[in-house]
Amino acid sequence: MLPPQALLPAVVFALTALQALASDTFIAAVYEHAVILPDPTKEPVSPDDALALMNKNMDVLEGAIKEAAQKGAHIIVTPEDGIYGWRFTRESIYPYLEDIPDPAVNWIPCTDPSRFGPAPVQERLSCMARNNSIYVVANIGDKKPCDSSDPKCPSDGRYQYNTDVVFDPQGKLVARYHKYNLFRGETQFNYPKEPEAVTFETPFGKFGIFTCFDILFYEPAVVLASKMQVDTVLFPTAWMNVLPFLTAVEFHSAWAMGMGVNLLSANTHNTSMAMTGDGLFSPEGPAAYHYDSATEEGHLLLAELSTHPRLSPTYPPAINWSLYATSIKKFPGENDTFSGAVRKDMFTFSELRHKAGNYTVCQGDLCCHLGYQMSDKRKDEVYVLGAFDGLHGSLIKYHWQICTLLKCPSTNLSTCGQPVETAQTEFEMFSLSGTFGTSYVFPEVLYSGVQLAPGEFEVLRDGRLKSKHGTSKPLLTATLFGRLYEKDLPHPLRISP
C-alpha cells in the first residue's frame with residue numbers, strides 16, 4: 001500500500017479531472033520567460049555546469065508553475081529555449097541534452113528518475129507537474145544515438161532535436177514532439193526524418209503541440225488543427241517580432257481565429273532580440289495576451305478557454321474568404337500604385353488620399369478591396385492599401401497572399417512597409433477583402449502601441465474583415481494573411497549533415 005504522501009498527487013489529479021469533466025471550460029496559463037543565457041562558447045561546458053544553468057531557469061519556471069496552479073490553472077506552457085537559451089553550436093549544446101523516450105513507455109520521471117539514464121531535467125519537470133497537480137509543457141533538447149547502418153546518421157553518431165515535452169498532473173510523460181521546421185539559425189539541431197503529428201487527450205479536450213516556426217507550415221500546423229481536429233494547440237516559441245505584420249500577438253491570434261482552435265502561446269522574453277508577446281488565443285479572439293518591449297521581466301498569463309471550441313455557440317461560422325472580393329469589380333477610387341518593401345517582400349501599395357473612399361490594389365492573382373472612413377484625415381499620417389502575392393523568406397520560401405490596410409512610418413511614401421508602432425488616426429469604419437486562392441486566411445487588427453482589438457472587428461461569411469463600430473484606438477494595420485501551402489518551394493535544409 002502506498003504511503004499517504006504518495007497518494008496525494010493522484011487524489012488531487014482525480015479531483016481536478018472530475019472538475020474539468022464537469023465544465024465546458026478550463027483555465028490555461030502561459031509564462032513569458034526572460035531566459036538566463038549561458039556564456040557564448042564553441043566548446044562544451046561540463047554536464048554539471050550545464051545543469052546548474054538549467055536549474056537557474058527552472059527555478060524561475062517552477063515559481064510560475066506554482067503560482068499558476070494556485071490560481072486554478074489546469075495546464076501551463078513555457079517557452080521554446082526557456083531552459084537553456086539559444087547561444088549554441090552543435091557541439092556546445094550537447095551537455096544540455098537528455099534522452100527523451102517515447103511517451104508510450106508509461107514513465108513518471110519524478111518517481112523513477114534513472115529508468116532511462118540520467119534525466120535530471122525531465123525529473124524536475126515531472127516533479128513540478130506532480131507536486132502542483134498541473135500539466136506542464138516545456139521545451140528541452142533530445143539526443144538519440146545512431147550508427148553507420150543509418151545512412152543519414154550524423155558524423156558524430158547522434159541526432160539532436162529541438163523537443164517539446166508534456167507532463168500530466170501525476171508527472172507522467174504524455175507527449176514528446178520534435179520540431180520539424182527549424183529556423184535558419186538552429187544549426188545545433190537535426191531535422192526529424194518525418195513530420196510528427198503529436199496529440200493527446202485530456203479531461204478538457206484533445207491537445208496538439210508544435211514549436212515556433214512550425215506554425216507557418218502545413219505540417220504539422222494545418223494537419224493538427226484542420227485534419228486531426230484538435231481543440232487546443234500548445235505552442236512554445238521564441239518569436240522575434242517583425243512589424244508591421246509578424247508580431248507574436250498579432251499573428252498568433254490571427255492563426256487561432258483562422259484555424260478555429262485555442263492556441264496557448266508562450267514566448268521567450270528578450271528585448272534585444274525583439275522577443276516578446278504571448279497569449280491565450282481562441283477562435284473568437286484573444287482571451288488574454290501580453291506584449292512588453294520595455295522591460296526585462298517575465299510574465300504569467302491566465303485565462304479561461306472553451307474545452308471544445310468547435311461546439312461553442314459562439315464558434316465562428318465557415319468563411320468563404322474570396323466570395324465578396326470575387327463578386328465585385330475593382331473599386332473605382334484613385335488607384336495610382338507604387339511598390340514598397342515589407343522587409344524583402346515587394347508589395348503593391350495605393351495611398352489613401354481622402355478621408356473616405358474605396359480602393360482596389362492587385363498583385364499576381366490577388367486583388368484587395370478596401371472601403372473606409374477615417375475619423376479625421378491628418379496631414380501628418382499616411383495610410384495605404386497593400387497587396388502581396390508571392391514567396392516570402394530568404395532561404396526557406398513559403399507562399400503568402402496578404403491584403404493590408406497599413407500606416408506608414410512617415411508621410412514619405414518610400415517608408416511604407418517599414419516598422420511602425422504608433423499612430424494617431426482612428427477609423428469610423430473599414431471593410432477589407434481579397435480574392436484569396438486559399439481557405440487558410442488569418443485575420444487581425446493591430447492598434448497603436450502593438451495592441452490587439454478583441455471584439456472590435458468581425459469577419460463576415462463572405463470574407464470581409466470589418467470594423468464593428470469604428471476603432472477605439474488609432475490603427476496600425478488591418479490585415480488578412482493568406483497561406484498557399486501548395487505553392488511553397490521544397491525545403492532546402494531538411495537534410496542531415
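Numbers run from 1 along the shown chain.
Cβ coordinates come from backbone N, Cα and C, glycine included.
Record features (TrEMBL):
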type	residues	note
SIGNAL	1-22	signal peptide
DOMAIN	31-307	domain 'CN hydrolase'
ACT_SITE	Glu80	active site, proton acceptor
ACT_SITE	Lys179	active site, proton donor
ACT_SITE	Cys212	active site, nucleophile
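If you take the C-beta of Cys212 (active site, nucleophile) and look for same-chain residues 6 or more apart in sequence within under 8 angstroms, you find Glu80, Lys179, Phe183, Phe235, Pro236, Thr237, Ala238, Trp239.
Taking all protein chains in view, 26 other C-beta atoms sit within 10 angstroms of the C-beta of the residue listed as 'active site, proton acceptor'.
Residue environment of the residue listed as 'active site, proton donor' contains 25 other Cβ atoms, counted within 10 Å of its Cβ in all protein chains.
Per-residue pLDDT, averaged across the domain 'CN hydrolase' (31-307), gives 96.
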